[in-house]
Amino acid sequence: MDNSTQTFGKKFILLGLSTIPGLQVFFSFLFLLMYMVSFSGNLILIIVVQFNTQLRTPMYFFLTNLAFIDICFSSTVVPKIISNTLSSDQSISFFGCAAQLYFHLALGSTECLLLAIMAYDRYIAICKPLLYNTIVGKTFCLYLAGGCWIVNLLNSFLLTFFTFRLPFCRSNLIRHFFCEMPPLFHLSCKDTWFNELMNYIAAGLIVLGSFLLILMSYLCIAMTILKIRSTQERLKAFSTCASHLTVVCLFYGTIMFIYLRPHYSYSPGQDKVVTVLYTVVTPMLNPIIYSIRNKDVIKAIKKTFYLRACK
């Protein structure tokens, strides 16, 4: 039998966030709380945009896409953590693990490209306002969003396929709380250089490329903001940009730490902490930073739920 097929039907054991049962429960409760905040915040944003025609602009089109991705992104990880904590069975099937990895990679990489598109959208709106409606039309937005999904669904399929072609002969214990490539590579008794090379190329192009595009966009935005005469307006604009960049750096920084560092420096304990930041924390912060702090969104939320209450 081929080595690559020896693990078909095999189960993996997810060792979770901690080996101490009490801490497992505490962390699971904390994850559940953050997941509920993330889910409700992103869902409210989607509902509000759908019921308010004045918010149907390119910016909010991309924000609703981001909200949908964030809901699905955290949903690939948190429910499995909760179920593993509440039950004595910490296993995940071979195909379940592959599916979790696939959707995690697809959604995470799509969010990377989407955040870059949103930064470009803000650049056009602030630096070239007279050309905004000409450049950023409905068709343009649909092509960009559709392109993000197609590219990353295909990319994630290739990465997942080649990861699960590896023979996992060393152990079936995954020293993580979900199926991710670095800990899976350490279970293989075959040289993983090809998989690591694919991982570096994909992460370099999608993650690092998107991050550099965002930095360039915000640099141009900052130069435009400096030309604003009103000190109050200038500080307000810088405050908004700073909050956006903080979350962006947290998201991209943690992903680059996991996927662009050398394979030999893998550290299970450290990786768990870092992974929490981009799988659970940033999806919770995104609706707050990008939407809840926006006056138009606050007005729309009040209007939407007031009208629903009146009915």
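Heads up, the Cβ atoms here are built off N, Cα and C, so glycines get one too.
Feature annotations, reproduced from TrEMBL:
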DOMAIN    41-290  domain 'G-protein coupled receptors family 1 profile'
TRANSMEM  25-48  transmembrane segment
TRANSMEM  60-82  transmembrane segment
TRANSMEM  102-120  transmembrane segment
TRANSMEM  140-164  transmembrane segment
TRANSMEM  200-226  transmembrane segment
TRANSMEM  238-260  transmembrane segment
TRANSMEM  272-292  transmembrane segment
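Same-chain residues lying 6 or more positions outside the transmembrane segment (102-120) and placing a CB less than 8 Å from one of its CB atoms are 59, 62-63, 65-66, 69-70, 72-73, 76-77, 144-145, 148-149, 151-153, 155-157, 159-160, 178-181, 202, 206-207, 209-211, 213-214, 217-218, 244, 248, 251-252, 255, 278-279. Counting Cβ pairs under 8 Å that are 6 or more residues apart, the transmembrane segment (272-292) and the transmembrane segment (60-82) reach 3 or more and are in contact.
Averaged over the domain 'G-protein coupled receptors family 1 profile' (41-290), the predicted model has a pLDDT of 89. Beyond its flanks by at least six residues, the transmembrane segment (238-260) meets 108, 111-112, 115, 119, 180-182, 199-200, 203-204, 207-208, 210-211, 214, 218, 221-222, 225, 271, 274-275, 277-278, 281-282, 285-286, 289-290, 293 of its own chain at Cβ-Cβ distances under 8 Å.
Nonlocal intrachain contacts for the transmembrane segment (60-82), taken as residues 6+ away from its ends with a CB within less than 8 angstroms of a stretch CB, comprise 14, 16-17, 27-28, 31-32, 35, 38-39, 42-43, 45-46, 49-50, 92, 100, 103-104, 107-108, 110-111, 114-115, 117-118, 121, 141, 145, 177-178, 279-280, 282-284, 286-287, 290-291.
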